[in-house]
Amino acid sequence: MEINLNRVDYIQVGVTSQKTMRLLPALGKKTTQKVAVADNDGILTCFGMKKSEAVPVFKTLPGQKISRMDLGGAAGTPQEKIFVCSGSQVRGFTKKGKQFLTFDANLTESINAMHVSGADLFVCASYIYNHYCDCKDQDYFLSGDKINDIVCLSSENLSRPVPVLACQDRVLRVLQGSELAYEVEVPGPPSVLERYNKDGGEDILYGTTDGKIGLIHIGEGSAATKWEIDNDKKKGGILCLDAYDITGDGVRDVLVGRDDGTVTVYSFDSGNEPALRFELALSESVTSIQGGCVGKESYDEILTATYTGWVTGLTTEPQKAEVGAGDEVRMSKEVQSKPIFHRRAELEQLQVKVQLGREQYQQTSLSKTAVSVVPAFSINDKFTLCQDDASYSLTLEVQTAIDNLLLQSDVPIDLLDVDNNSAVVSFSECDSEPNGNFLLATYRCQANTTRLELKVRSIEGQYGTLQAYVTHRLQPKTCQVRQYHIKPLSLHQRTHSIDQDRPMNRLSLVGQFSFAEIHSWVVFCLPEVPEKTPAGESVTFYFLNTFLGTQLHATYSKGEGHFKSDNISTISILSDVLSKEATKRKINLNISYDINDDSVSHTLKMIHPKLEYQLVLARKVQLIDALKELELHEGNADFLIAEYRSILDESASLLEEYKRQPAHLERLYGMITDLFIDKFKFKGQNVKARVSSLLEILDGYDLNSLLDFFREA
């Protein structure tokens, strides 16, 4: 059964950050609730609804960007005190707007996650966790990777409050005081945590940056996963979660807000597995989501806050009155015209303000003493590796309409098609030799486009910088530049474990370098490695190549580093880049290799199914035009064999898939060629002259022939 929800826009504040909107507790059962929302201008706004209009309760003065919000209060009382954090400072407000707390955590970094429980305050900076009780230091923990969110659990079954950190390395860290109790692995980098039962309990909802959702039962000594929802439809990453019974069946539903603007509701019809019950796409990312009663008494709704500050409700209240046969609904002309009258008046006032502003700007610009002010605009950007198709997703979201976007890259990359991208792209010729320009593409956006999603695929071994020049539609025109580093092993991502039984090649480095120096080299080479040097004397990381499925095991400490991979090309790239980085710092390295010839055939067998699929796809696409011409000439396709009729039937999907993966076949050819060259490079042989023979083998591809060529070369 689907849920019928109707959209209502309440107010707009400034640009908002993740988890900066909360519903204050209701004064009675099914009564409307006040809404507190904070923005990047440092303004905390609290409003309620009266006669279908948003009425402000209080509004603070502008200040430093507010990065998080939470509600608190004494144990056993309504949690109606509002806590916000800006920089390293936490402030507390009553529900009427009176400030009662200003607490400086004295952190060198800004607070990016916060949880309040009674007299306990839990705050996190990038890598640091602090626990304060009555504003006094209690516990401290240094995380091994960036902390994205925090919640604290308490229940009758737990002897103590249990803080849980969501960390970028795909791990939930459960703490006991200042010590790590245990870790829970999750299927993606967790971006948000939420308690399933706010009144107490041991269940935690988590959402990941790659769009997965799960529920985990947290105990004092161990955890158990209750369910997981994969991101099969390739929706955006999770920014906010809530548990609220919107269906009214007595079981909490899971409310989800994503960075692509999608709002989804999962409920539990039968059993313990969640089922999708509602989905709506907003035009911008959803930074906060809450379930409650805001617009009208007795009507539940889902309240959302978006990136540009729109507070929107999805209410169960019907927009039109339901009447039976023969019934009449009589509404006075005054009632009918009142909403339209108000809207017209507001629109006229805004038009007058805009006209006055334009005239004032024109007069100021003509003055000889006037100084031109560049209009600042906020950009929310994300550059993440997608495991499913081994591509990078670049998402740019601007608080005003985007006019155009210019992409420039000094490293070869492919632009992939994105279904929901309506911008018109045009390419300019690039002279890669003297200027190092490999890509110059312009995206011209339609009116009112505030969010743009692109996909690019890089080539491992070739590294550099991708730059995005974003121009908005405001006057005067200004542009902001964002830079994204394409790393040498850009298609690798962190994983929790690897298959130790594969044939591995080894690279060992020994030299007079510090732990921090070799860590900075690894950060330069590989994505998803924390920039901060890990605590301890050594560290081990596992990586998986998202394109081929090969793996990498890295262990290093002061003065030595050891890297193992079942792909010789990975070892070759690491050797070249690490040597170059050490040479820049004038550090002598003693490099040794242990090459396993069995790894070559192992890698070729991993490439085989992908290469075979792409070759078949390319051949089918080449046949489509000829088959269509035959069909047109003969009047039907009944005379064709079943295989050719199938190609005609699937021609649209085949062409779409082929277009969506440009140069996919060439990429696989390039990887096999690099593997061939790298294999013999470690033996001191230059076989570039034999590459043409290798390409001939690939044109008439057969796995056994390819394996024989590698052995005999």
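Cβ atoms here come from the backbone N, Cα and C positions, even for glycine.
Just so it is clear, the model here is predicted, and its values are computed rather than measured.
Taken straight from TrEMBL:
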type	residues	note
DOMAIN	21-316	domain 'BBS7 beta-propeller'
DOMAIN	375-484	domain 'BBS7 GAE'
DOMAIN	492-594	domain 'BBS7 platform'
DOMAIN	597-710	domain 'BBS7 helical hairpin'
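Assigned with DSSP, the residues of the domain 'BBS7 platform' (492-594) fall into helix, strand and coil as follows: 28 helix, 38 strand, 37 coil.
Across the domain 'BBS7 GAE' (375-484), DSSP helix (H, G, I), strand (E, B) and coil residues number 4 helix, 61 strand, 45 coil. Applying DSSP to the domain 'BBS7 helical hairpin' (597-710) sorts its residues as follows: 93 helix, 0 strand, 21 coil.
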